[in-house]
Structure formats: C-alpha cells, structure tokens
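Can you keep this structure in mind? I'll have questions shortly.
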Amino acid sequence: MMTAETKGRAACLIGWPAAHSRSPLIHHYWLRLHGIAGGYNIEAIPPEGLAEFIMHLSTHGFVGANVTIPHKERALQLTAPDERARAIGAANTLYYDGKTLRSTNTDVEGFIGNLDAAAPGWDRTGDALVLGAGGSSRAVVFGLIERGIKRIHLVNRTMERAQALADQFGATVMPLAWSGLGDVLPRAGLLVNTTSLGMKGQPPLDIELPLLPLDAVVADLVYVPLETPLLAAARARGLRTADGLGMLLHQAVRGFELWFGQRPAVSPELRALVEADLRIPHPAT
C-alpha cells in the first residue's frame, strides 16, 4: 500500500508471488529525473484478493498499476480494456480515465519501440518469423500487424496453438511446423524468439542462422541472460539484434506517461542502471 515514503502520485506492480522486479528501479529513476513527487511499489496480491484490490486501487493510494503473472488475464476482465489488451487477451497496465479504471497492454509498444531504437528500418526487410505462440507472441504479432508487416510466419512445436493464433489474427499470420523453418528463414527479414529457449536454465534455441538474409534483424524477448545464445550467434554473423531488456524498458514508457503525465526516454544511463541490477543475484520474495 502507499506509505509515507511514497508521498504524491504512486503506482504499483501487482503480482503473486511478488518476485524481484526491475520496474521500481525504472520508474523511480524517471521520477527523480523529472522531479516528480511519487513512488512505485510492489504489491503481492493472491488470486483470491485480486478483484478487491483492483476495484479499490485508488482507495489503496494508487493512480495506476502494472500487472504481472498470474493476474494479466483476470485484470483484463476486471477493467475496461482497449483494443490491444482485448486482442492480446491480457492487460499489463491499469490507469484511471476519470473514475473509470482502464487497461492496456504495453508489450506492443515495448516490442516495436525497442526494434525502432535498436534496428531502424527493420520493417522494410521481408517477412517476419515469430517463434512461439504464447502470450508474448500475441503482443508481438499484434504489433507487427499494426506496423504493416504483410507476412508473419508463426512457428510453434504444438501446431494447434499456432493455428489458433493465426485464426484470431487473420490471413497475415501463417502457422508453420517447426520442421518447416528451413523453408522460411531465407526470406525472413525479422526473426523473433518469444519462447523461453535460451533463458538462463533453459536449453539454447537450435536454429540455422546462416539461412537468414545478411540484412535480417534478430530479436529475443529473453533478458536473462542479457545476450542469449541466439543473439550472440546473430551478432557474430553481423546481423542486427534487439534484446529483451530493451523491450522491458520501452514497455514501461507508456505506463509512466499515463500515471505521471510525462513521457520518459529510454536513455543509455537507465539501461546501464538496469544492466547493473541484472548482474546482482536477487532471491525471490
């Protein structure tokens, strides 16, 4: 809840359990930079207490919130979602519009904003190839369609999940079995990994990067480790890359703007601050 240490406007992160998050570090950096009196807390809310907490968010002292696992789908149902949140099926940012508590999903802006910053012109180079068909994949696909990408190949080990997502988003999205990767890689201007493969403790992603065009961009939503084996291999081949930390930073921009009235920038200083935090072991809380 809001405390004496968070006088002024305050937002929070709602999750269960409340594991270590970099969101307070990011938002407190921006609050200091813009001279705004306020704060950003972590609130550990169990599923059975979520509805009460969200319905009385302002009573608890908050002007808005981020939502993380396992609450994103339920938060969508408890608020007034925008088109993005409805299409993705999950809300990660809550804010007040008058007395109405609205929700959106800023993963789209995080993904696209990161690509624009890390690889300008990425959207002018061929088809997009997306690996994985989970919640993160929905945000990626929505963003690619919104940007105007005409052909999105969606690869998943479970073909039924890829087909279901393709059915939702229409003819632009073409489901593909993992065995068909080799046929699509030569014409993919953008490769996006939305799976957990390559994450710390997970096996690396096995993919034939030499088949990609030399001007292709490779993006990975994983940010621990900061440079996944996929990104390291892509960089070694001279391909442009976009890492998961960049997406994390860019997705936070819109929430801060909605809550505190200033649109912050993702600066090298902020990135260095979060990179330093990533190198520190943090036990789950």
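Keep in mind that glycine also has a Cβ here, set from the backbone N, Cα and C atoms.
On a predicted model such as this, the values are computed, not experimentally measured, just so you know.
Swiss-Prot lists K72 with the feature active site, proton acceptor. Annotation source Swiss-Prot lists shikimate binding site at S21, R22, S23, T68, N92, D107, Y223, citing sequence analysis. Here Swiss-Prot flags E83, G132, A133, G134, G135, S136, N156, R157, T158, M159, E160, R161, L221, G244 as NADP(+) binding site, drawing on sequence analysis.
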Would you please pick out, from the binding-site residues S21, S23, N156, T158, the one with the fewest other Cβ atoms within 10 Å of its Cβ?
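Counting other Cβ atoms within 10 Å of each of the binding-site residues S21, S23, N156, T158, the minimum falls on T158.
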Based on DSSP, name the secondary structure state of T68 (shikimate binding site): helix, strand or coil.
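Where T68 (shikimate binding site) sits, the three-state DSSP reduction gives coil.
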Of all the binding-site residues given, T68, N92, which has the fewest Cβ neighbours within 10 Å once its own Cβ is left out?
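Output over binding-site residues T68, N92: least Cβ neighbours within 10 Å is T68.
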Relative to the Cβ position of K72 (active site, proton acceptor), how many further Cβ atoms are located within 10 Å?
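Here the count is 22.
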Return the residues near L221 (NADP(+) binding site), defined as same-chain residues 6+ apart in sequence whose C-beta is under 8 angstroms from its C-beta, sorted by sequence, else 'none'.
F111, S136, V140, V192, N193, T194, G244, M247
Can you tell which of the recorded positions K72, A133, G135, N156, T158 lies nearest to Y223 (shikimate binding site) in space, using Cα positions?
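It is G135, whose Cα lies nearest.
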So how far apart do the shikimate binders S21, R22, S23, T68, N92, D107, Y223 get, largest Cα to Cα in Å?
18
